[in-house]
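Visitor: After the structure tokens below, expect a handful of questions from me.
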Amino acid sequence: MNDNAEMQASLLAEALPFMQAYEHKTVVVKYGGHAMGDPALGKAFARDIALLKQSGINPIVVHGGGPQIGRMLEKMGIESRFEHGLRVTDQRTVEIVEMVLAGSINKEIVALINAEGEWAIGLCGKDGNMVFAEKATKTVIDPDSNIERVLDLGFVGEPVEVDRTLLDLLARSEMIPVIAPVAPGRDGATYNINADTFAGAIAGAVQAARLLFLTDVPGVLDANGQLIKELSVAQARALIADGTISGGMIPKVETCIEALDRGVAGVVILNGKVLHAVLLELLTEHGAGTLLVP
Ligand SMILES: Nc1ncnc2c1ncn2[C@@H]1O[C@H](COP(=O)(O)OP(=O)(O)O)[C@@H](O)[C@H]1O
Ligand SMILES: CC(=O)N[C@@H](CCC(=O)OP(=O)(O)O)C(=O)O
């Protein structure tokens with residue numbers, strides 16, 4: 001055997017105990033908008049998800065699409081801004097958000113996974129009464145004045161009810177759910193939910209064995225730009241308060257903290273721009289990224 005074949009064989013042998021440990025377990029993978037776009041990466045991601053299903057693991061994909069929504073809003077001449085990592089969402093914006101997330105991006109991911117020989121099914125919170133949301137109520141402390149401020153984010157929602165019936169049904173079937181973070185409210189409105197928050201709610205409801213966040217950075221970085229391999233809840237809160245964790249990383253880290261609280265066993269933020277990031281994280285010793293610990 002040449003060196004390359006030996007390396008491949010040892011990687012396969014290494015994967016087996018991980019496959020056995022995750023058999024019949026649910027893994028929620030949040031596929032961030034920043035990790036999408038490159039065709040080779042998209043194909044590798046879809047292959048990883050297909051391979052998990054074929055190995056007897058139960059993957060659920062929750063996707064984002066922030067940059068893609070931004071581009072569509074720009075095309076339509078609609079201005080958009082973020083507060084505390086969340087897009088302020090008026091009626092026109094939520095219509096575009098639903099179109100981009102539950103429409104084009106969702107179906108693109110479904111098609112990629114199906115091209116790998118699997119049966120993916122595209123859903124959003126509205127399908128099968130899966131998720132109901134309420135208007136998000138966020139309070140933040142203004143760092144300049146130190147005064148607490150309530151944010152009015154419009155049609156930004158927080159998932160308040162998750163019904164796992166449909167997901168349980170799919171877990172027992174050949175199908176892989178691919179879910180867009182849009183959900184109805186009991187008030188009849190449609191809500192735009194941050195994809196990280198949505199993934200956390202799904203992972204909590206199904207008591208996932210792992211929740212992976214695929215993003216465009218190696219994980220949570222410290223003030224010097226160095227990767228933090230293990231981040232405690234207390235440390236995470238301090239880094240949000242002092243501004244080291246900012247923008248889109250805030251809802252991600254807040255979700256990790258909540259997911260740990262809800263009993264999700266392992267929560268990792270990692271670089272989705274690395275080929276086969278999901279397989280490397282789950283099935284080898286070479287897990288990268290930031291592991292959140294209590
Ligand atoms: N401390 C930090 N460590 C790493 N990334 C951070 C940090 N603070 C802010 N960020 C930003 O968070 C981004 C990831 O969040 P986001 O843009 O919402 O990505 P995604 O689309 O994957 O959800 C990074 O690209 C980075 O710009
Ligand atoms: C309320 C809110 O901010 N919703 C997000 C939903 C998409 C998302 O979260 O996408 P990423 O994971 O790619 O960032 C938005 O409108 O951009």
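Each residue, glycine too, has its Cβ placed from N, Cα and C.
Annotations in TrEMBL come from automatic prediction, not curation.
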Visitor: Please state which member of Arg87, Arg92, Arg172, Arg210 TrEMBL lists alongside Gly65, Gly66, Asn192 for binding substrate.
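Guide: For the substrate site that includes Gly65, Gly66, Asn192, TrEMBL also lists Arg87.
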Visitor: Taking ligand 1 as the reference, state which of the recorded positions Lys30, Gly65, Arg87, Asn192 have a Cβ closer than 6 Å to one of its atoms.
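Guide: Qualifying residues: none.
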Visitor: When you rank Lys30, Gly65, Gly66, Arg87, Asn192 by Cα distance to Lys252 (site 'Transition state stabilizer'), which of the recorded positions ends up on top as the closest?
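Guide: Going through Lys30, Gly65, Gly66, Arg87, Asn192 one by one, the closest to Lys252 (site 'Transition state stabilizer') is Lys30.
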Visitor: Check the domain 'Aspartate/glutamate/uridylate kinase' (25-271) for me and report the mean pLDDT.
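Guide: The predicted confidence over the domain 'Aspartate/glutamate/uridylate kinase' (25-271), as a mean pLDDT, is 95.
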Visitor: Going by DSSP, is Lys30 (site 'Transition state stabilizer') sitting in a helix, a strand, or coil?
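Guide: Its secondary structure by DSSP: strand.
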Visitor: Three states by DSSP: which one describes Asn192 (substrate binding site)?
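Guide: The residue in question, Asn192 (substrate binding site), is strand (DSSP, three-state).
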